[in-house]
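Everything on this sheet refers to the single structure shown next.
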Amino acid sequence: MAAKDVKFGNEARIKMLRGVNVLADAVKVTLGPKGRNVVLDKSFGAPSITKDGVSVAREIELEDKFENMGAQMVKEVASKANDAAGDGTTTATLLAQSIVNEGLKAVAAGMNPMDLKRGIDKAVISAVEELKHLSVPCSDSKAITQVGTISANADEKVGSLIAEAMEKVGNDGVITVEEGTGLQDELEVVKGMQFDRGYLSPYFINKPETGIVELENPYILMADKKISNVREMLPILESVAKSGKPLLIISEDLEGEALATLVVNSMRGIVKVAAVKAPGFGDRRKAMLQDISILTGGSVISEELAMELEKSTLEDLGQAKRVVISKDTTTIIGGVGEKHSIQSRISQIRQEIQEATSDYDKEKLNERLAKLSGGVAVLKVGAATEVEMKEKKARVEDALHATRAAVEEGVVAGGGVALVRVAGKIADLRGQNEDQNVGIRVALRAMEAPLRQIVSNSGEEPSVVTNNVKDGKGNYGYNAATDEYGDMIDFGILDPTKVTRSALQYAASVAGLMITTECMVTDLPKEDKSSDSSSSPAGGMGGMGGMM
């Protein structure tokens, strides 16, 4: 086991604080409408330029191991805020830096660290309650546009595109961000349920000019099994042929004579048919087939439920207004499933999302939810260069997370004003002793830090502006973009309540742990033995010089 380097008390805390400040100082220059860019060097390719706090934080590793521990703990604040609300990483980092700096000053002055932490926690709990009272629901398109614009660093085009996407696919709809091919940002909306499976044979194509299969008012057969024997399918094929409607078959796989028979029937015009594989794998495939059956009002033919394909009738089949199948995707539009069945399935998936533990599971469940409830929107980001594209894509993703958070928990006045107002409302809060009171004051002072930094980044004097904002009431604040005072809601400067709340809670949580740190342990650097061996006279194969 490697030998350890151990530091105690003030010596440990000073080192840790130095690391906190290096990381936070790098992150906080990006805050606000006049925040600066940070250039990140890459081991290959062009450097990337960003104004995203968490992207800056992730890049920072310090040489001194004790300082690095401090930096990594603040990085954790940014990551947690990002995971919870998708935005507010810079605010969270700044709040943590302020609490740690003020808290460690108090510890150095002889205060009890545990009481300081209790005071900070008490202030944060009260502040979160006050934030909830200040919060205003965010439901209309204008408010969503404003939130998106602020989070995308005052890019109005991005804000309005996100609002348009949410309007089209609903608040639960999936909105993905992709790199576009042109200079302009574009919005593409896919209505209905789409999954990543294309036709099993190009002979099914009935629109050769576009290379797709289009079926109008088709029956949809869903089978959770491989189909290779054509005899199983004959009864249902005959029933569909009599009805005169087309047929879509979605199964685990379709091969051999079954596929050949379908192709021949389709080409001869006996029955208009197309076949695709079921989406997903394992249990997820079963769940997605069930989703499709509920959406289209049919049943999944499953051997687990003792159902046989030969005995299935037209009543077991789903129906839709239209199905479009390309080489890679299948889109079912206008399923005829019962509304209440679809709603109860949506509620069930929502419940599963709350209980899911892994991010991957949550993402897949959200996709299923969106496909059932509205559709999928794709935001294609346009830019002139690859460097700009990456920077812009990160901003658009931030803005998207922020608008989702705003719809979920509402909005408060932006520009750091909400936290200043909250601090004013709980200024009379008291702890059980003087050390706890100091902890409360540390938290209250930290709540001014975002406003001060926004002002500082815009080149004004933080103390003057902060005092002016404190003297105002309600949503009165400072618009750093235009250098004027007024109502922040009227200015369209809004922050999602969830983002502000998460930033404060995670910052206080990690900062509290750092204030109560008394000892730090890390590995001692290993001595490099290779330098000793290289100085030996023989130097490895050096004695073989005469062999050349």
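Residue numbers in this text run from 1 along the chain shown.
Note that Cβ sites are derived from N, Cα and C of the backbone, with glycine treated the same way.
Note that the coordinates shown come from a computational prediction; the quantities given were computed from them, not determined experimentally.
Annotation comment: Swiss-Prot describes 30-33, Lys51, 87-91, Gly415, 479-481, Asp495 as ATP binding site, evidence class sequence analysis. Sequence-distant contacts of Asp495 (ATP binding site), defined as residues of its own chain at least six apart whose C-beta falls under 8 angstroms from its C-beta, comprise Gly88, Val147, Ile150, Val411, Val412, Ala413, Gly414, Gly415, Ala418.
Annotation comment: Swiss-Prot describes 524-548 as region 'Disordered'.
Taken from Swiss-Prot, the feature compositional bias 'Gly residues' covers 539-548.
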Taking 10 A as the limit, how many CB atoms besides its own sit near the CB of Thr30 (ATP binding site)?
22
Simplified to three states, DSSP reports Gly88 (ATP binding site) as coil
